[in-house]
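Undergrad: Take a look at this one; I'll ask things after.
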Amino acid sequence: MSTSGAALATVRLRRRRPGSKTAGTAVIALLPFVLFCLALGALPFARVIQMALSTVNLGATGFSFDWAGIGNFQAVLASKDAWEALGNTAVFILATMIGSIVAGLILALLVNRAVVMLPIARNVLIWPAVVAPVVVSLIWLLILSPTAGGLNKLLETFGLSGQAWLDTGPGAMLSLIAVDIWHWTPVVFLFIYTALQSISEELLEAARMDGASERQILQRVILPLLAPAIGAVALVRVVMGVKVFDEMYLLTSGGPNGATTLVSQRIQLWFFQDLNYGEAAAFSILVVTITIAILLLALFTRSRMAGRS
């Protein structure tokens, strides 16, 4: 190897070493926290698995467990209530994810252009996300009230008849979806707006100089660059949709006739109302497994697409 080649190799090694040391240090620093989180969740999760594989009875001395194998899982898979909750949750997640991403994207694009009122716009748009779900639910209960609700009053102003929004299955689900989109669109807005700020203005100016219209710039430059942020926030919204409970419980309590019962409430009903601990635990494990599978599939697809690009 020539002297210049050896020097170049030395420079490359020197450049790599600080990064590798930094990565190793970061892993070591995070390891105690990761282990702590795993240890914190290990015992409760082990108890859930034990319940899922047992016939559980609650007596004066506590829980008693009789081995049931996969009987609880079979009962859950044969349960109409479980499938209804899964179907409702799938509709809810899909609608709220798409709705909040579209709304967040539009708001981010508008705020990005509103340079003069930028601080005011950001503060006004963010505030719904910092309000507690209980407060959000109470606000929207008043808005959706069939007698004194603000929404029906607004409709009557334009000569339209008011609706009992929460008394029918489709109306209750639509209301629940709308409230969730209103509540969490600010989170999506922050994700997308931050990614939008990282796009070089010089790149956009170069596209304009090449004769691209604003629509073409949006479709061929901005949206492809925002795709990673949109994909990340979509996964976040999936997890949030699985976890939602407060708004659904206070607005509709899963009704009418189970039309808005999501997986979170189905688990709650089995565990606390029916005292069916085994099926509640089995259903929760199935929900977690499905969620993890969806997330892993999405991450794998995303990495494959990134590799091709």
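For all residues, glycine too, the Cβ spot is worked out from N, Cα and C.
So TrEMBL has the following annotated:
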DOMAIN    86-298  domain 'ABC transmembrane type-1'
TRANSMEM  22-46  transmembrane segment
TRANSMEM  90-112  transmembrane segment
TRANSMEM  124-143  transmembrane segment
TRANSMEM  172-196  transmembrane segment
TRANSMEM  217-240  transmembrane segment
TRANSMEM  280-300  transmembrane segment
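In the displayed structure, how are the listed features positioned relative to their neighbours?
TA: Beyond the transmembrane segment (90-112), the same-chain residues lying 6 or more positions past its ends with a Cβ under 8 Å from any Cβ of the stretch are 118, 121-122, 125, 173, 176-177, 180-181, 184-189, 191-193, 196-197, 218, 222, 226, 230, 233-234, 237-238, 241-242, 244, 260, 262.
Long-range contacts of the transmembrane segment (124-143) within its own chain (CB-CB distance under 8 A, at least 6 residues past either end) are made by residues 107, 111, 149-151, 175, 179, 182-187, 189-190, 246-247, 250-251.
Within its own chain, the transmembrane segment (217-240) is flanked in space by residues 93, 96-97, 100-101, 104-105, 109, 184, 187-188, 191-192, 194-196, 199, 203-204, 207-208, 291, 294-295, 298-299, 302, 306, which lie at least six positions past its ends and keep a Cβ under 8 Å from the stretch.
Within the chain carrying the transmembrane segment (280-300), a Cβ under 8 angstroms from the stretch's Cβ atoms is held by residues 48-49, 51-52, 56, 72-73, 75-76, 82, 231, 234-235, 238-239, 242, 263, 266-268, 270-271, all 6 or more beyond its ends.
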